[in-house]
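The domain 'Toprim' feature in TrEMBL is assigned to B:83-178. What TrEMBL records for B:60-75 is zinc finger.
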There are 2 protein chains.
Amino acid sequence: MANHVAGPEIEKLIKLLARLPGLGQRSARRVALHLIKNKDQLLIPLSDAMATAVDKIQVCETCGNVDSANPCTICTDARRDPSLLVVVEDVSDLWALERASVLNAAYHVLGGTLSPLDGIGPDDLNIGGLLARTDKGEIKEIILAVNATVEGQTTAHYITDQLQAQAKQASVINPDFQPIKISQLAHGVPIGGELDYLDEGTLLQAMRSRKEFS
Amino acid sequence: MANHVAGPEIEKLIKLLARLPGLGQRSARRVALHLIKNKDQLLIPLSDAMATAVDKIQVCETCGNVDSANPCTICTDARRDPSLLVVVEDVSDLWALERASVLNAAYHVLGGTLSPLDGIGPDDLNIGGLLARTDKGEIKEIILAVNATVEGQTTAHYITDQLQAQAKQASVINPDFQPIKISQLAHGVPIGGELDYLDEGTLLQAMRSRKEFS
């Protein structure tokens, strides 16, 4: 705004809010004004919640999840099956699977996907941490719950190769070594999806993976 | 999320973010994760900016603007014409006019519009404050920059009536009293607007208020 009519404090608040995903300059102003108008009900609680987040929230050293505890709540949850590990790209994917209450497994967050064009190689992802976990022998199955994108699939292939190489090495040392089962999410028609609106790739996969009525 | 997988701190942050205008549950989660991932660049500065806002930002007792100073930067700006007062519904309208750098006037924020259905009467708006300002005799012109809605127009009429009653009373005491000029924003076709998409009311006003080429 011209001439700093709203004072530098509000200007700064708007500028920072505009950097949040999904907010632009106009919506940031609207949010700032809403916050200022609802000081007691919203601005103060949100300010406190953010200060707490700054202090407490950290990345879990085991799985890469974000939490106020390290290791995180999921890693220390005794009711979860530690032999089943779900590998996801991002914390948001972990949250999505948890919301769906799909299974009671442990997680491993990669922190992205392999993307040579963006200069993201295996060392930029938490793949070393994954191999360190599988090396301990406790994990029996890994589900690669990566996105159905080219990058996601490339990452899944790379991880599969690495795990198989690790298994090969382990079986040399120990002939009784049981290789880890590796699986991937099914591709197909989403629930509620209409065939007419789906792309050819999805339809092809759905047709190939068709299931017989039992 | 089920079972508080992300810990109560993140849950609380998401819950509060979801109450911001324009954000829902899903975008609040996205924003929360973005904040956590960009702790140094975004979460800490925003947390600080909000704490500063909580401490410093207040409503100007003169005009109803929000600022860190009271009276606000606009009210104390010596370069502004104190004889010209722009009456707006909300601080966001003040900001919009300032962004357009329309004129160098003082403002008065009503804090809403008359709306009997919502139980908002004259006493709920900052109309008393406006009459107190006009009573001092310094203001020569008032521009009612209210929204072109039924409520906005009703409020404009009510304020006009009040100002005229005040002028009448003042002229009884002082026969030389000059009444305050009251004007309103023009209605018409917005710049860039296409006639085909405009409503009949706007077209009617634009036609009635047509201007001759000079």
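Every residue gets a Cβ built from N, Cα and C, even glycine.
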Practice problem: Using DSSP, tally how many residues of the domain 'Toprim' (B:83-178) sit in helix, strand and coil. | Solution: 47 helix, 17 strand, 32 coil
Quiz item: Which value does the mean pLDDT take for the zinc finger (B:60-75) in this predicted structure?
Solution: 91
Exercise. Write out how many residues of the zinc finger (B:60-75) are helix, how many strand and how many coil, based on DSSP.
Key: 0 helix, 2 strand, 14 coil
